[in-house]
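To keep things clear, I will list the structure first and then write my remarks on it.
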Amino acid sequence: MKTKLFLMLPILFLLGLATTQAQNNNWCAVMMEGNYSQTYDNSPKFPATFIKTQWDKGQYITDLTYGNGEWYVVTSSTAYTQQAYFKDKKFPGEWVEKKWKEGFDITKVAYGADVWVVVMSKGAGLTNESWGKRGSFKEIKEFILGKWNDGKDIIDISFGNGEWVAILAKGADYDKQVYNWGNEFPLEWVNAKYKEGKHVTSLAYGEGLWIVVMSEYTVSKSEQYIVSSNFPKDFIQEHWDSKKRIKAILFNYERDLTKSFDESFNAGLAAAKDNNQDLAIYHYTEALKVNPKDATAYNNRAWAKYLSGQCLGALADADKSINLAPTEYSYHTRGAIYNCLGRCREALSDFNATINVAKEKKGYYYADRAKARVCLGNVEDAITDYDKAIASDANNGSKYRTEKEKLVKKQGEIEKPTITWDYPYNAFVSSTEPTYNVKACIHSNADIKSIQLYVNGKTFASRGFGLDTDCTESVNETVKLNNGKNELEIVVETAHSSVRSEKRVIEYKSSGTGHYHALLIGVENYDDFSINDLEKPIDDCELLESTLVNDYTFEKSNVHVLKNPTKEAILEKLIYLQERLTKQDQLLIFYSGHGMVKNEIGYWLPSDARKDSRLKWFSNSELRDYVNSIKTQHTLIIADACFSGSIFTGGYRDVTEFACAEMEKIPSRRAMTSGANTVVPDNSVFFKYLIKKLKENDTSCLSAETLYTKVKPAVIYNSPNNHIPQFGVMPQTGDEGGNFIFRKR
């Protein structure tokens, strides 16, 4: 048995050393000075009988781990007065909420044999406890930092099935906490922290990393640890005899997720083959939880989103795929997405990359590039691409010939020039900079006599316009902006015609505090008779609008109310906000209407939704994509709908916050929902108390978390089925730990 034994002086310990070679199949046991009763047991099956026996003797679970195919549980005589645990394949967030309400606190979390185990105890002395679940160590570090800023300490941290869970609270008997991580157990770092008076308070292993948390106790005690290839039975007995007790024990167990990834990935392929793109997106998302660096999974999810019309979210996935491993397939996927978004020059660039990289030049590569060329007005080169497509793919030759013939006929006509905007791409954009780079591509089969750029109706003085790749001529100018709205237009003249471009508007706003904006969506009447109509959503939106405008710093012109909107109307308004809002602005999105969950994906149902088809449903993933793309300082989602808790992962208890001014400085993307993944009533108790608490507020600033802590107990105690509102971070949207602030007039 290879064993390393170390004496630990009274000290707080944090792990985080990076090394090049991982230690495999190692145990770590930490023992601290103590003289209380303690027992441990191990078995292949979860030791429920042993735990019950120890509870009857007055001993409670103080540590739990899984290693070498067995569960190891440690029970001790502690200050706990009662204990409960829950086992499930998913982290039991709703059970935790229920137990918090009963006065329990999370004292231990473990993962093994494909299940999560959460242990909760009474008498732990903890307050203001929070838990968070994230898909990567980087994300859980951000969660921990946010809670450290709230004055909380890590109670436990664990990894399982591709996800991290961290528990933090106030009231622990230690503070001045640090942590570190590395591929090997950080022996030197731990020993150095011992000399500073720190002790190990939590251990974890995941993503090939040892995580060690160290803290300072009020009263320092001697401590010793061991790293061993075998379970350190003799070490434990020896130190029991010298009046030390097990503080923490861990095997660097990490479930082999290869099978799990393959299962999810192959399920995604099968769903895509059946043209069930929503299900394909779900399975690829599950695969990426296991391996967040798989380029093919990102590419396939991007393609599924593209086929279902989610081009904005698809673009983010395609970018990730190319950043991880650029291939002909990933370039082609992104090119198709750019075509979907009308960004034709970028599409052409990616299709060029596709063809350059590909060993086998597929016909549809050329055909798709032809579409990008047509978009840019380059019909001649598009016809050439269709000839190449026909030569490369005889099976689809007739389809390509038909498209070519359409272009040849079009080419025979005298065509007007085409003007394609590159910057600004959108019809309306905002800028906090006093100048803006304007760029456009002009293509014409006829000789161009003149090109004029107009800014606010006046000719922009230019030294001339030049050539650019795939353009007959181009505009590339830096213009000075006036305060407010600036209107841009390009006019191109040939011997046969004069063409005006679509107008572009740039709103210049100097850097400042920004503005409060709101999008309020109420859906109560549905086109599909099989979906029950609702009575209150529109009334609720109007009441919320009145409250925001009259009591808080929302201007009426910045509050948009959508009454019974279609999915297209919702997307159009989100795009409108995406084009106009800046990093200084704040955005509140409220939804009241039906919600659904299918294949663990949450949806809002617009007025044109059909019960038997998800084509017009608005998914949480689409919402997250838009929230991520709307570059505000703070965005808050409030959803009053059934099954709305699927928006985020994580759980929160009573929250103690820092000053409004400090919270406003840090970007946030948060969500508050009327319940978890459950049915909520039409006559909303949640909305009743949301408005009530907004009306009753007498402080100059009210954070979203404070509002939640006021609404939550009122809803629990007054709803028919004790619904528990949810609050948390929207994952993968850019939250950095700040908070949305409601400011009183």
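Backbone N, Cα and C define each Cβ position, glycine as well.
Features of the protein shown, as given by TrEMBL:
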- 19-128: domain 'DUF7477' (DOMAIN)
- 141-248: domain 'DUF7477' (DOMAIN)
- 517-727: domain 'Peptidase C14 caspase' (DOMAIN)
- 261-294: repeat 'TPR' (REPEAT)
- 1-22: signal peptide (SIGNAL)
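Long-range Cβ contacts of the repeat 'TPR' (261-294) within its own chain (Cβ-Cβ under 8 Å, at least 6 residues beyond either end) map to 135-136, 161-163, 300-301, 303-305, 307-308, 324, 598-601, 614, 619, 621. According to DSSP, the secondary structure content of the domain 'DUF7477' (19-128) in residues is 18 helix, 53 strand, 39 coil. Mean pLDDT of the predicted structure over the repeat 'TPR' (261-294): 87. Under DSSP, the residues of the domain 'DUF7477' (141-248) split into helix, strand and coil as follows: 27 helix, 53 strand, 28 coil. According to DSSP, the secondary structure content of the repeat 'TPR' (261-294) in residues is 27 helix, 0 strand, 7 coil.
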